[in-house]
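Quick notes on the structure that follows.
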């Protein structure tokens with residue numbers, strides 16, 4: 001810096017500080033109708049700094065070396081990654097030429113970011129590439145490694161925005177490997193780019209340097225996560241998101257509620273992949289970290305102040321959302337276990353159960369191993385609380401009623417929590433989804449319940465929670481949700497009917513069924529048919545006509561509903577022949593509908609193969625039954 | 001029902017875009033700074049309609065009237081059939097979204113034209129009809145009423161809520177009953193004047209906010225010879241510029257391409273998308289996810305196992321999760337427009353200028369992708385294996401009955417048929433059959449075996 005007086009240098013530093021302040025602080029206050037005012041001002045300052053540095057360079061004795069490397073500058077495509085070794089060649093970072101290149105590069109970098117931020121992408125790209133070219137002349141060292149990473153992060157963003165994901169990937173992966181190699185080979189806290197333009201007394205502490213450098217790399221990880229996501233490599237994307245979260249926690253760079261919600265969301269990814277241990281870990285971490293956000297302000301406090309009100313709303317909402325993630329955890333665990341243990345008629349397969357219980361020991365060992373190798377969340381003070389919360393919740397598929405009940409109870413606790421915030425008035429769809437989940441959890445638990453009376457009661461609970469809501473909703477806005485509930489209610493009533501039947505069969509050895517049981521059976525049967533019919537009616541035109549063509553998304557449900565209505569009508573018990581005849585005719589009508597619809601729409605066959613085959617048979621056989629009944633009736637008259 | 005249109009407008013300079021019939025071609029005429037990328041690329045996109053609105057002297061010039069005849073008319077006919085209709089405009093700042101949606105005094109756009117026709121129909125065809133207009137703006141996730149006059153104007157942000165009976169709504173949004181075109185135009189102008197617009201180097205009045213103009217109109221129809229009413233909603237949406245680069249702004253998923261979110265503040269969006277994609281196997285997820293959000297529980301948590309029968313072991317089968325990502329206000333408000341019974345038209349506006357090559361390409365790609373926006377909520381369904389098994393048993397019984405019946409009675413005279421056992425099966429109910437049957441409880445398999 002021989003030819004630059006200290007006054008001149010101080011002026012440059014001031015300009016830089018000013019530009020930073022304009023970009024980061026002032027720009028937030030820019031009016032809506034002139035949103036880039038401060039950034040445009042910052043741009044001017046950066047340009048001035050650039051000119052001063054250039055002038056200084058021109059008047060400098062070491063210019064020749066700079067010129068030389070200008071000639072060797074390779075013409076390269078904007079793809080990073082296959083470049084020759086950035087650690088081995090070029091000026092060393094602390095040489096005067098190296099430092100000058102880094103400084104100029106940093107100004108180009110800031111100009112690039114400035115242009116991108118103000119929606120002038122092509123100009124931004126040019127500046128960023130200028131920065132790349134300047135860095136090409138340098139070896140990676142603690143003086144410039146931060147800039148090496150930052151500029152690639154920015155180019156990654158820029159190219160991803162143009163749908164050139166592979167190009168972005170190249171830049172970001174190079175940034176990643178530069179970081180890793182630097183940490184391995186050097187690892188000393190690197191100079192931050194802002195330090196290029198600060199006077200001696202304002203240099204950063206080692207701690208601050210590390211913090212900023214690590215944050216830049218956290219961003220690289222985050223951008224890579226997005227690139228992998230856009231490339232469809234979800235597994236890899238999830239790992240990078242996980243690492244991003246972990247780094248935020250370790251480096252203490254996070255806001256508790258936001259972090260917690262993100263971890264809870266990541267749990268949902270793991271759950272859909274059936275990875276319950278990882279899912280549980282994320283959820284436990286979410287719950288613990290969300291606790292760091294403090295108490296929910298009381299209603300009274302919220303009424304006093306706008307900020308408290310906002311805070312109350314935020315905390316309640318986010319905690320309720322984390323609760324809903326836990327609900328899905330419990331629900332999926334139950335459902336997966338059910339799927340695994342079901343025999344061919346949907347009952348618990350005890351051979352399978354024994355077999356799985358034997359295999360359990362092995363699984364437990366694997367869990368232990370998995371835990372050790374997994375990417376674990378936690379800072380010193382949260383690690384233990386996360387682990388102890390994890391211990392309270394099972395993560396293996398439940399194999400018997402006791403285990404299933406433990407999972408169910410965890411889920412149910414969170415149902416109560418979630419409903420406190422997501423009330424019907426104001427959050428209709430959210431509230432109902434929670435109810436549906438609760439109902440599905442009961443269904444999962446009922447599968448494990450051996451006592452049929454109690455099993456029946458669990459299904460009754462499902463009906464009680466869904467029925468009133470289903471009947472109160474306005475179809476114009478909530479048609480889809482109502483349809484789902486109608487279907488579920490129909491199936492639940494049918495399930496109860498089956499259970500009553502099995503119970504009755506067990507008890508009634510020889511005696512005929514008592515009136516009460518028949519009545520109960522019939523009412524369940526009619527209720528089931530009623531909801532299937534309601535579902536079918538919801539598909540009709542305003543004039544009440546059945547649709548000629550069933551849309552793909554309702555095709556199977558509609559035909560299955562017909563099929564099941566047919567079946568239910570043939571199951572109704574009546575001692576009055578005319579009513580029997582009516583029921584059988586209704587049944588026949590619905591079987592015939594399935595057959596005729598599929599004959600007219602051959603593309604529907606694949607969706608309902610079994611149901612169609614059975615309907616065809618029944619449509620052929622039922623007339624016989626009907627004729628016999630008619631004959632009997634004629635005979636009796 | 002989603003369809004896409006592309007419209008072009010001029011901003012001078014070299015032209016990189018051609019329009020012919022339903023095709024848009026874009027040529028990379030700008031020589032890139034990097035040698036390898038300088039090869040000329042010609043990319044072609046096909047849409048339902050493409051318009052060239054650059055030079056009025058051009059023989060292929062598409063006027064506002066022409067656009068209205070194609071799109072506006074289909075909006076109106078959809079609404080009169082009782083659909084919720086939604087029309088979006090999407091594109092780079094300065095490419096003419098607002099021009100298309102709102103127009104200029106000399107060349108009025110779709111929204112005022114639709115209003116006019118709507119009111120003409122209302123007034124002339126159904127004399128008792130009424131239309132409610134509302135106009136709001138979403139700016140940084142805050143909802144402002146553009147037609148609210150007087151003291152309440154300073155209110156921070158209106159809340160969006162769901163009512164069990166009234167559906168999704170904006171609390172305290174003003175509704176304006178309008179009876180003639182003049183009134184409607186005045187309201188529209190008042191709203192536009194209230195919009196937040198911003199000056200950038202690209203465009204001096206670029207829209208920094210989404211604006212939704214909603215016409216809700218009630219039609220009288222005869223249902224079973226009884227007078228009845230249907231309410232239709234038309235949402236006309238002018239989206240904020242597609243290239244918005246503010247890192248603190250949470251990108252709406254609707255306007256999200258393959259961009260990278262810069263700020264870690266948006267990590268949640270990325271993780272949400274991951275979780276969501278992983279539970280949907282569909283290929284056009286980024287868009288589907290947006291549409292499915294509209295129905296909360298639907299696609300998200302209840303896509304049915306269409307093939308029936310629960311999948312095998314724990315590894316298989318769909319798992320449904322909860323994505324704790326609040327819908328953007330935009331998605332939330334349009335959920336009933338994007339859901340099942342609705343028609344959606346999307347207009348993508350691009351600049352023909354070579355300078356905007358990258359942004360234009362990205363808009364066109366997005367629009368091509370957007371054709372797949374469909375919201376298909378599913379019904380969850382139990383595997384009815386038990387029912388199928390029982391039915392098979394009944395069929396077997398009926399068949400064997402038929403067989404023995406035919407053997408005994410080649411000519412079916414039914415009167416003296418006294419085969420107690422089989423005829424009982426036919427005449428009695430299933431239940432009674434079971435009740436007479438010997439029931440053995442097989443403890444090993446815990447299933448019922450019935451001998452009749």
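A Cβ is built for glycine as well, from the same backbone N, Cα and C atoms used for every other residue.
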Given ranges B:285-314, B:315-344, B:345-374, B:375-404, the stretch to which TrEMBL attaches the annotation region 'Disordered': B:285-314
List of the binding-site residues B:91, B:93, B:95, B:96, B:97, B:98 facing chain A, defined by a Cβ pair under 8 Å: B:93
C-beta crowding around residue B:98 (ATP binding site), within 10 angstroms: 25
Largest tally of Cβ atoms lying within 10 Å of a Cβ, found at which of the binding-site residues B:91, B:94, B:96: B:91
Which of B:92, B:95, all binding-site residues, has a Cβ with the fewest other Cβ atoms inside 10 Å: B:92
Model confidence over the domain 'Kinesin motor' (B:12-373) (mean pLDDT, whole number): 70
Residue B:97 (ATP binding site) in three-state DSSP notation: helix
Around the Cβ of residue B:97 (ATP binding site), the count of other Cβ atoms that are within 10 Å: 29
Collapsed DSSP category at residue B:92 (ATP binding site): coil
